[in-house]
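> For reference, TrEMBL lists these features for the protein:
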type     : residues                                               : note
REGION   : 1-27                                                   : region 'Disordered'
COMPBIAS : 15-27                                                  : compositional bias 'Basic and acidic residues'
BINDING  : TYR128, GLN190, ASN215                                 : NAD(+) binding site
BINDING  : SER238, GLN260, HIS263, HIS329, ASP362, GLU418, HIS423 : substrate binding site
BINDING  : GLN260, HIS263, ASP362, HIS423                         : Zn(2+) binding site
ACT_SITE : GLU328                                                 : active site, proton acceptor
ACT_SITE : HIS329                                                 : active site, proton acceptor
REGION   : 433-461                                                : region 'Disordered'
COMPBIAS : 449-461                                                : compositional bias 'Gly residues'
Amino acid sequence: MSAGDAGVTMTYLKRPKEEPVKGSAPEVKERVSEMLLRIERGGLDAVRAYSRELDGWDPPEFRVSEEEIGRAAEAVDPGLREAIEFGRDNTRRFAEMQLGTLVDFEEEVAPGVVAGQRQVPVGSVGAYQPAGRVPLLASPFMTVAVPKVAGVENVVACVPPGGAGGVFPAMLHSIAVSGADAIYAVGGVQALAAMAFGLFEDLGSPVDMIVGAGNAYVAEAKRQLFGRVGIDLLAGPSEVAVIADASADPELVAADLLGQAEHGPTSPASLVTTSEELGRAVMGEVERQLGELRTPDVARAAWRDHGTVVVAGGREEAARLSDGLAPEHLEVHTGEDGWYLENLKNYGSLFLGDRSTVAYSDKGMTGTNHVLPTAGAARYTGGLSVAKFTKTLTYQRVTGGEGTRRLAPPVMRFSQTEGLWAHEATARKRLERLGEQGMVRSPRPPDGGPAGQEETGGGVR
């Protein structure tokens, strides 16, 4: 954790033993590259071979049938079904509100020059559903329901098998009611490759985007497939930071730190507090609550190796420290939550007040998307949203002679200076159609100007 400005007064009560590893290990990169190449060459047979090898899963068909979806729904407890539908509905509602902020428009930017934009959904999305140690039931809300709100025509979901019986029934039900157009019981790198290469026979063609979290191999596969398909973001271990002052409840702060540490042994959990007394009380509470958890091992390892408690000299320093972390999840337990809302800049999602907890969003109940930037990426990007599934397409129209008179002369000057004479000709010829030469083309570049520029596919180099 960086202090940022000189003269800060922060004090560490607990430092992490290890810094989280950023990026993929070399052996992961090599293995994923090998798998993608083999699947691209071998097609669905290679997908099936990896499914047998890695998951012990070799069904007659990877696509989950309507009958299987129906049986899964019947197997889910009615109370859980109701909870799934509640979270799905809230996520849809928030996505619809976001979509309402993405507008088409057309305006005259200069006399005779019209510019506009349209919001157009991508054509198809492949949604990977994590189901490693446990199935994450809210993931389909974020990666299936949200693109459907955006207007994506075809959303296909891949979910790892949960054993000999196939997909966890509750997970299958959540995917189905979120609106997936097709569901395939296949996991890991092979699932992403099948969607990116268009290998499922009834899919017909590669998807345009792949979204969803997974293990280190899934994350690396997304990185290597990016460019061939779009992706949401590259996610690392789940993170939480809490800003708390003397008014905070140590029991709740400790519970929320452990709630995210439970995600994995490399999940960072950080407390930034303006009260040393509160910081020490939280550390004691963490140890006490670890003794009460049914499954403490993962959270204990994460807190031991990646837990941080730092005392800041005031709210301004606390905000600077938090912005330096740029955490995936950020909770604020203070008497000045409004001030922090106005002044914090770097986080994936913000949870204000002690009644708010990350778990409410993790489980898809608050409506906001829980696919969020990690490893400091919140410094430059937000999380997954309905906007990710739409393309802002711009267009322009020049009407009448006035627009040409406005645009052609400066474009000709730019082009002559740059030595790009074919560019210059496109503007000059349109001016000539009006019977106006405007600017006479120079037979040679102006003194000191470039004789020409080499162009590449990406523009002038």
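Just so it is clear, glycine is given a Cβ too, placed from its N, Cα and C backbone atoms.
Unlike curated entries, TrEMBL annotations are predicted automatically.
Help me see these features in their spatial surroundings.
Around the Cβ of GLN190 (NAD(+) binding site), 29 further Cβ atoms fall within 10 Å across all displayed protein chains.
Secondary structure at HIS263 (substrate binding site), taken from DSSP and collapsed to helix, strand or coil, is coil. A sphere of 10 angstroms centred on the C-beta of HIS263 (substrate binding site) encloses 20 other C-beta atoms.
Reduced to three states, the DSSP call for GLU328 (active site, proton acceptor) is coil. Note: GLU328 (active site, proton acceptor) has non-local neighbours SER238, GLU239, VAL240, TYR347, GLY348, SER349, LEU372, PRO373, THR374, ALA378, i.e. same-chain residues 6+ apart with C-beta under 8 A of its own C-beta.
Proximity of HIS329 (substrate binding site) to non-local residues of its own chain (separation of 6 or more, Cβ distance below 8 Å) is seen for SER238, GLU239, VAL240, ALA241, GLN260, TYR347, GLY348, SER349, PHE351, VAL358, SER361, LEU372, given in sequence order.
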> In which DSSP state, out of helix, strand and coil, do we find GLN190 (NAD(+) binding site)?
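Assignment for GLN190 (NAD(+) binding site) reads helix.
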> Would you kindly give the Cα-Cα distance separating TYR128 (NAD(+) binding site) and ASP362 (substrate binding site), rounded to the nearest Å?
16
> Sorted by position, what residues of the same chain at least six away from HIS423 (substrate binding site) have a C-beta under 8 A from it?
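When sequence neighbours closer than 6 are ignored, HIS423 (substrate binding site) has VAL411, PHE414, SER415 within Cβ distance under 8 Å.
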> Tell me whether SER238 (substrate binding site) sits in a helix, a strand or coil according to DSSP.
coil
> Secondary structure at ASN215 (NAD(+) binding site) (DSSP, helix/strand/coil)?
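ASN215 (NAD(+) binding site) sits in coil per DSSP, no helix or strand.
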> Identify, among the binding-site residues ASP362, GLU418, the residue whose Cβ has the fewest other Cβ atoms within 10 Å in this structure.
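GLU418, out of the binding-site residues ASP362, GLU418, has the fewest neighbouring Cβ atoms within 10 Å.
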> Which entry in the list of binding-site residues, ASN215, SER238, GLN260, has its Cβ near the fewest other Cβ atoms, using 10 Å as the limit?
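Least crowded of the binding-site residues ASN215, SER238, GLN260, by Cβ count within 10 Å, is ASN215.
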> Just how many other Cβ atoms lie inside 10 Å of the Cβ on TYR128 (NAD(+) binding site)?
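Neighbour count, Cβ to Cβ under the 10 Å cut-off: 26.
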